[in-house]
Amino acid sequence: MNKNIVILGTQWGDEGKGKVVDCLTKDSSYVVRYQGGHNAGHTLVVNDKKIILHLIPSGLLHKNVIGIIANGVVVSPFELIKEIKMLETHNIFVHKRLFISNSSPLILQYHIEMDIAREKKLGISALGTTGRGIGPAYEDKIARRALRIGDLKNEKTLSIRLEKIVNYYNHQLVSFYKHKPVDYKIILRDLLPTIDLIYDMIKDTTSILHTAIQSNKKIIFEGAQGSFLDIDHGTYPYVTSSNSTIGGVITGTGVGSKSLDYILGVTKAYSTRVGYGPFPTELFDDVDKHFSKKGHEFGSTTGRKRRTGWLDAVALCRSVRINSLSGLCITKLDVLDGLHEIKICTAYKNINTLEIISFPDIDEWKNIEPIYETYPGWNKKTLGIKKLIDLPYEARNYINRIEEITQIPVDIISTGPDRSDIIFVRDIFFIKK
C-alpha cells in the first residue's frame, strides 16, 4: 500500500493540484506544503462554494487531516492569519491541526517592497513576479540572513535582528532603486500581535513527519507552482525561487526519498502559463478564446489572464523524467469539449536550422516551432463524468495517446471544477511499486 504520495505540477502551475489534493486527503492523515509561499493559488469548489488557498494546505478542508507548512515554505504571518480567518467563515477551524516549521523563512514588508522596486526598475524586462516578496525572502534564506518563524518566539532577539535587516534593505531601496524606505518600528509593531495567534503552531515539523511515517500514517505532499517554474529545471530566468520539482519535497520537509511511495504529476489537458517566459504552443486564435472562457483561465493569485496553448508533450515528458513520476492526473478534460480537432506538441523544431531540439537554451526559445499531432475532437459533454468508459471514444483516445507518449499511466482524470467531478482510473494508494 502506498502511504506517502507526492502531488506536483508538470507544467507552469495552475494545473489543478488543489482539487486533486483535496480529493486524495479525505483518506489521509497529513497534508504537507513543502515549497513556495502565498504566490501559489489553489482553487477548490466544495458544494458550489469556491475557496482559494495560497498558503494553507488544500487538504485541511477535511476535518480529520493535520496540515503541515514545512521548512521549504516562505511564510507571511499576516497572509497566514488572513487565510485562517477566511476558513473560519466557512466553519473550517485549523488552529489545533495546523503546524508551521520553526525553520520556515518569514516574508515581511521589506521583501514585498524590494520585489516591487525591482520589477519597476526592470520595466519591459521584468520577470512578472506576483509582487509578494517570495524571491527576496528566498534570497535571505540562501544568504543566511533570513528571519525564520522560530525567531518569533524570542521578542528581544527578533527586534535586534529585524532592525539590522531593515537597515540592509533600506540602503538598497533608497540608494539604488529610489524607492521609499520601510519603517522598522512599524514592521515590529505589526508583527508582534501575530505571534500569540500562531505561537502554538510553531513546531519541529520534520520530527512530526518522521513520527507519522514510522506510525504508517498516510501523508500527501502538496506541491505549488509547476515543474517549469522550478529555479533549476524551469524556463530560467522566468521561474519561481524554489524547487517545485521532486527535489523540493526532500529538502523542503526533511523526509528522505525512500519514504516517498508514489509521485503523481498533474497536467491540464492543454497548456497555460501566467506572465512572461517561453511558451512554444501558445495560441492567439479562437481556440485561445475557447480555453480562456471555458477554462476560466485567470490567475487565482494575480487575476491575470493566463496564456493558453495546446498540450506540450515535449515539456510533459521532460517533467516525467525529472520527477520520476509514477502516474499522471489529467485535469480540465471537459474544457476540450466542443473542439473540432485537438493537437499535441510532440517535438520542437528550430526554424533556422530545422534541427529537432530536445529542450532549448533560453536564447533558443524564440526560434522554436512546435511540431503537432492532430486528433479529432468530440461534441459530447465530459463535464461531471465519473467513469472512464463513459467518456467519448475520442476523449479516451486522447488519454491513451498521452500515456503512449509519456510512457506512464493516467491514473486520475478531472472532468469539472467540483471535487466530485473526477475519474479514478486506478486507486493510487494500492498501486504496487
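Every residue, even glycine, has its Cβ placed from backbone N, Cα and C.
Remember, it's a predicted structure, so these values are computed and weren't measured experimentally.
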Listed alongside Asp14, Glu15, Gly16, Lys17, Asn39, Ala40, Gly41, His42, Arg144, Gln225, Thr240, Arg304 for IMP in Swiss-Prot, from Thr129, Thr130, Thr206, Thr211, is Thr130
Looking at the binding-site residues Asn39, Thr130, Thr415, the one with the fewest other Cβ atoms inside 10 Å is Thr130
Whole-number Å distance between the CA of Asp14 (IMP binding site) and the CA of Arg306 (substrate binding site)? 9
Of these binding-site residues, Gly13, Gly16, which scores lowest on Cβ atoms within 10 Å? Gly16
Those recorded positions from Asn39, His42, Thr130, Gly303, Lys305 that fall inside 10 A of Lys19 (GTP binding site) by CA distance are His42
Taking the binding-site residues one at a time (Gly41, Gly303), which has its Cβ surrounded by the most other Cβ atoms within 10 Å? Gly41
